[in-house]
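To keep things clear, I will list the structure first and then write my remarks on it.
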Amino acid sequence: MHLKTRGEGTSVAIIDSSILPSRSDLGSLNEVLSKNFTSDDGTFAPVGSDHGTHSAGIVAAAGNDSANLDTDGDVISLPNEIKNYMSISATGPIGYRWGDPGDGNAQKKRNYPAASNHVEDETWSPAFYTNYGENTIDISAPGGDADLDALDEIDASFEPTYSWKAGTSMAAPAVAGTAALIRSLAPEMSPQEVREHLIKTATPRDPTYHGDGHLDTKAALDALE
């Protein structure tokens, strides 16, 4: 994927717990545009949770230690304390939702204009914490359980390190990063066109659990050639 683009010229807004700027692989963090909307000391990177750093790392870590998506785009940290907030806030092509902790069958869509996210394991089976519903999932993406032995979470809140996490919070940035790569190659595409392209190039699966398909980043970029 990175032979085609590394996300140059794109921005992804991370509305989450915060991003630790000391995380060496997040050199693309745009500190000028980052803002704190919480009631703490006002910094865009308050210490207290590694969730935002983890999410941002999936979208735009440097990729020198592992395979990430948008490695040259800007990341904007917008710390948020509303843990059940379901809207997608977008900068450029797409943003993503942060962590509805519930699982189960949803009957109606809530406000997410670009992509809903789903979690699955290496057998294409939904994880136990998956949200699903035939008319509520736009696109599915991997978010955990691919290697059960590797899912022990490490607390990275106070000391920069690496950690394993699983959930929609891990699936969502995969979609956001892919959207940024698409816009890097096709900056003329509108948010709606990016959404349609993600769905059109997704791998078809059971719509109850996968919506219009499973995210295929390579296919999405190949189709732009």
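Any Cβ shown, glycine's included, is placed from N, Cα and C.
Annotated in TrEMBL:
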| type | residues | note |
| --- | --- | --- |
| ACT_SITE | Asp16 | active site, charge relay system |
| ACT_SITE | His51 | active site, charge relay system |
| DOMAIN | 58-205 | domain 'Peptidase S8/S53' |
| ACT_SITE | Ser169 | active site, charge relay system |
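Structural mapping of features recorded in TrEMBL.
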residue: Asp16; record: active site, charge relay system; Cβ within 10 Å: 23
residue: His51; record: active site, charge relay system; Cβ within 10 Å: 22
residue: Ser169; record: active site, charge relay system; Cβ within 10 Å: 25
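For the pair His51 (active site, charge relay system) and Asp16 (active site, charge relay system), the C-alpha distance works out to 7 angstrom. Over the domain 'Peptidase S8/S53' (58-205), the average per-residue pLDDT in this prediction is 61. Distance from the CA of Asp16 (active site, charge relay system) to the CA of Ser169 (active site, charge relay system) is 10 Å.
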